[in-house]
Amino acid sequence: MEGGEEKQGAVGLRCTWDIPPPAGTQAKWVRLNVGGTIFLTTRQTLCREQKSFLCRLCQGEELQSDRDETGAYLIDRDPTYFGPILNFLRHGKLVLDKDMAEEGVLEEAEFYNIGPLIRIIKDRLEEKDYTVTQVPPKHVYRVLQCQEEELTQMVSTMSDGWRFEQLVNIGSSYSYGNEDQTEFLCVVSKELYNSPNGLSSEPSHKAK
């Protein structure tokens with residue numbers, strides 16, 4: 001029986017129901033016809049969130065609704081997303097099938113005016129958006145050609161996020177005076193991060 005449900009603290013996405021349902025609502029069963037699908041529950045469950053459309057509907061004080069031939073309240077909404085709504089009112093926890101869109105449940109939660117569920121789904125969507133924006137950095141490589149005498153200075157002055165990767169000796173290309181000038185190819189790299197607006201940004205720290 002619903003009246004004997006255990007009240008416990010928040011665990012995961014569980015919501016604590018601190019306000020008891022109105023007197024006289026216990027153990028009264030209610031039939032709901034949501035978009036052609038029948039749901040059977042109690043007034044106690046529907047009145048867990050007392051400002052909701054469902055609580056006001058089953059109390060019969062503020063809202064009037066047509067009923068079908070079985071006496072069920074007719075509600076012209078998508079029954080697919082009503083299941084999680086009703087289960088949340090039953091046990092205070094959001095449970096979704098893997099293929100169910102959270103945005104669809106949010107739309108119904110807003111229609112039925114179930115504040116705690118609205119907050120939970122919005123928090124989940126914000127967390128998901130934050131995770132998506134954490135795109136791994138892209139590595140950009142550059143090859144620089146320099147002479148041996150320029151090599152030390154070039155490596156020591158690298159900054160602005162560039163990092164030394166590899167040095168390739170390409171031999172002597174010409175003679176300067178009596179000395180051969182050895183030339184090198186210096187490979188350096190830099191990380192570019194994708195920001196949420198799609199533009200690339202550089203890391204805030206300087207490469208050592």
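Every residue gets a Cβ built from N, Cα and C, even glycine.
Heads up, TrEMBL stuff is auto-annotated, nobody curated it.
What TrEMBL says about this protein:
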DOMAIN    28-129  domain 'BTB'
Under DSSP, the domain 'BTB' (28-129) has how many residues in helix, strand and coil?
50 helix, 17 strand, 35 coil
Taking the domain 'BTB' (28-129) alone, what is its mean pLDDT?
89
